[in-house]
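TrEMBL has this to say about the protein:
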type	residues	note
DOMAIN	17-140	domain 'Glycerol-3-phosphate dehydrogenase NAD-dependent N-terminal'
BINDING	GLY21, SER22, GLY23, ASN24, TRP25, GLY26, PHE52, PHE109, ARG249, LYS278, GLN280	NAD(+) binding site
BINDING	LYS132, ARG249, ASN250	substrate binding site
DOMAIN	174-322	domain 'Glycerol-3-phosphate dehydrogenase NAD-dependent C-terminal'
ACT_SITE	LYS185	active site, proton acceptor
Amino acid sequence: MAPSMEEEEGAPSKSRVTVVGSGNWGSVAAKLIASNTLSLPSFHDEVRMWVFEETLPSGEKLTDVINRTNENVKYLPGIKLGKNVVADPDLENAVKDANMLVFVTPHQFMEGICKRLVGKISGDVEAISLIKGMEIAVEKFSEATVGYRENRETAEKWVQLFSTPYFIVTPVQDVEGVELCGTLKNVVAIAAGFVDGLEMGNNTKAAIMRIGLREMKAFSKLLFSSVKDSTFFESCGVADLITTCLGGRNRKVAEAFATNGGKRSFDELEAEMLQGQKLQGVSTAREVYEVLSHRGWLELFPLFATVHEISIGRLPPSAIVEHSERKPKFSLVEGST
C-alpha cells in the first residue's frame, strides 16, 4: 500500500492522543478531543480511551458496548462520543505510540496507573490531568483552566485540543495553583453538603464557601509561595468552587451523610448513590488533614480539619458550623487575610 501524504517522508509528524480514564468526565473529554482532532491537521483522527473493564448487567463488556454503540452507556448515557473514539481495556496498548496523554481518573488511582506506565511510554510524552465537569457533554457553555509552568507553546497546544465554541479554555502560568484549586474545592463541597443535609440555609452555606475559599488560598500559598492570587479568580478557582458546592457528587453524598446523622459511612453511601463513580472530597480531606497534622497547621485550617473529623465519625455533622467559625490568623500568608 502506498503511504498517505501525511506519512510521506518530510511531512510534519502528527500528535496522537490517548485519554486515560472513561468515567463521565473522561468520556466527555474524549468527546471534546475527538471532535477537534478531526478538524486539526496536526493531530491523528483516532482518539483512544482506556477503559477500566466492567461487565454490564446485560453480560456485555463495557468496552465492547462503547465501541459498538459509540456511547458510554454506564457513565455518559445518551451522548455520542464520536466515531473516532476507540475504547481499549488494555492500558499499555491504549497508550502505545501516544505522545499526548490526558489523565481523567479519580486521584486515588493515579499513582497505581503511573507505576504501570513506567517504561511503557517515551520520555517526551506530554500529559495533562483534568478536573471534572458534566455540562460540557450536552454542549452548554462552560470554561476551564490549563495550568502551565514555562512553555506557553505547549499550553496553547492543549488549549487548541480542548477548545470549542461552548467550552472556553484559558492557559494560566500557575501549575500548582490550578491543581490545588481543582483538588481542594472538593473538600469545601463536602462541607457545603453537610450544611445542606442539616438544612441550615443559603446564608450559612455561603459563609462556609467563603471560609473554604479562604482556606484553599492560604493552604496553597503556604505549600507553594509561587501560587498567584489571581488564579483563584480564574474558572478553576471561585467559579469551579461555586459549581461544585451547588451540585456535584461530593456535595450530594455529604448531604445524605448529614441527613442520616453520620450513621451511614461515606463508603456505603458512595456505593449506593454513585453507581461506580468515586468521591474525591473525602480522600482529599484525609490527605490534607495528614499534611496539616504533620506541619502543625491544624489550628490554621478549621474547616479542612473539621471536614475530615466529621467524615471519620470523630465529630457530628453539626460541627461543620461550630468549628469552622473560628477565624485563624493568616498573617503569615501574604494576601490571604
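In case you wondered, yes, glycine gets a Cβ from its N, Cα and C as well.
All features noted in TrEMBL, drawn onto the structure.
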| residue | record | Cβ neighbours (10 Å) |
| --- | --- | --- |
| GLY21 | NAD(+) binding site | 24 |
| GLY23 | NAD(+) binding site | 21 |
| TRP25 | NAD(+) binding site | 22 |
| PHE52 | NAD(+) binding site | 17 |
| LYS185 | active site, proton acceptor | 30 |
| ARG249 | NAD(+) binding site | 22 |
| ASN250 | substrate binding site | 27 |
| GLN280 | NAD(+) binding site | 24 |
Largest inter-residue Cα distance among GLY21, SER22, GLY23, ASN24, TRP25, GLY26, PHE52, PHE109, ARG249, LYS278, GLN280 [record-listed NAD(+) binders, Å]: 20
Distance, LYS185 (active site, proton acceptor) to ARG249 (NAD(+) binding site) (CA atoms, angstrom): 12
Residue among recorded positions GLY23, TRP25, PHE52, LYS185, GLN280 with Cα closest to the Cα of ASN250 (substrate binding site): GLN280
From binding-site residues GLY21, TRP25, PHE52, GLN280, the one whose Cα lies nearest LYS185 (active site, proton acceptor): GLN280
DSSP-assigned states of the domain 'Glycerol-3-phosphate dehydrogenase NAD-dependent C-terminal' (174-322) in counts, ordered helix, strand, coil: 114 helix, 0 strand, 35 coil
DSSP-derived class (H/G/I helix, E/B strand, else coil) of TRP25 (NAD(+) binding site): helix
